[in-house]
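Over in TrEMBL, the protein carries these features:
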- 121-205: domain 'Apple' (DOMAIN)
- 223-263: domain 'EGF-like' (DOMAIN)
- C253-C262: disulfide bond (DISULFID)
Amino acid sequence: MHLTEALYFSHQKDSVEYNTFCPASRSQAREQRLFVQPQVTKQHIRISSIGLCAGLIRRGEFQQMDSRGDSVVKIDFTARRIHSFQSFGTAIVMGIVQYLQVVLFVFNLTLSTEAQRKVTCQNFKFAIDDDVIHNQILEGHLFERLTVPNAIQCHLKCKDDCLCVSMNYFPLSKENNCELNEANKDMEPAAMKWRQGGNYYDLVRSYTVKGGDKYTPEKHHCNNRCCRTNPCLNGGVCQEICDTHSTRFNCSCPNTYSGQRCEKMKHLRSCKDIAKNGASTSGKYDISNSENERFSVYCDFQSEPGFVWTLIQSFSFSKRKTFKYAGFGKNLEIDIEEGEVNWNEFRLSLSQMQYLANHSTHLRATCNFSTDGLQYTDYARAKLAGHDIFGTWDTCKMYEYVNIRGIYCSNCTALTKQQENVSWHIKSYASINVGCEFDGKQGGVPGEKNFGKFEKSLNPDHRCSFSPASTTQNWFGAKVTIEISSKVADTKVRRLRDVISNWTLFFEGHVFQI
């Protein structure tokens, strides 16, 4: 349990009950002053000395008291003196001004105290046999998986994380047997699925206010402490929720973000944005350009650690003539409709490729990606900067890595050509002849071209031209840094922030007196 929580705790054989403690006496309140907002019933202002010529309002006292007459807030104040040479009229005016300042200060303090005059008590209950749905779990809303010794510990983990409103527990598993969910069966009934050996539990909770009154949203301010570490991202504003069937907090998000914590971008501009939104499965996705026009792209999140790739073109050797006379600076839009990617004939429009290039850092060429996955034999990767991907040239271009027929080099140049009516390709055999660093003569064919513009000088050892079914792919990609973006990692960060916050509140509560 957190240091800052004052809990009533009882533990029976198969159940546990605990609640945020609402102290009944002022002595208990002093021990837990951080979380007890006393109910103020009286307040007064006493001005003990007014000296218009010599000192204006010299001394005063503001005090608020509870129903037993105990002082809740007591503030002594003094005023600065007036220099004796000031006129009597000036002193009167300044005296009135300072009096109004004191009244305004007291009024603001009263509003602040009145807004928090009721304490919200958050009560939790967990009965292993009563609150369970056997052989069912909630799927698709997991944000953390843990290893715990028993179901009660799983419940405690859920209670301590404000993102959690339900849990899946697997009693026969020794590891990763506790799953914390950000939704429950009331919020997502279709997510309930049969799972042998899995048990589903709601986070059973109720809310009261100090004194035992039932909490009602219309009358009482919710205070469950879930916003104290500001869980909302990207400028979202947190609001605590005391509803037993919903989330425990809500984030009001800026227009460009959504999600419970404003973690999701509404307008996804690239495959990199899709990855940041939590996607990890490669496939077709919709993105929007700068004019918010939607189009489909194939995203590769998995093949190359540190990169996210977008497919811009794919063609089979048997369809090579369709692509042979079209450099990337020429518009040739083929098969961009809904459904699976046609790896034999696919190309985005020129405007779509230009848009994606502005959101990318690299280009890549692969062979037979749909059947063989990523292979570093017959592979090329280069930075887009300086490559002029939509231009026309026949020159040495820099590559981070290039491999053709098993011959490779890193951070080297290779002869590359593209014209408006000539597709992008590497001339491996002639590369060394013009002073480029890549030397593809060994095992090569005079006039050989790779990754495009396949003509008479074909080399079957190049995987892209091995057979009529061989395919060639071209990609734009973005190099991504390791970010704490997954729900699991984000949860650990939030828990660390909670620990820091709890220690801070703990020491504040013991050092400072109101």
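Each residue, glycine too, has its Cβ placed from N, Cα and C.
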My understanding is the cutoff is Cβ-Cβ under 8 Å with a sequence separation of 6 or more in the same chain; which residues meet that for C262 (disulfide bond)?
C232, L233, N234, G235, G236, C251, C253, P254
What is the pLDDT of the domain 'EGF-like' (223-263) when averaged and given as a whole number?
90
Mind tallying the domain 'EGF-like' (223-263) by DSSP state, helix then strand then coil?
0 helix, 10 strand, 31 coil
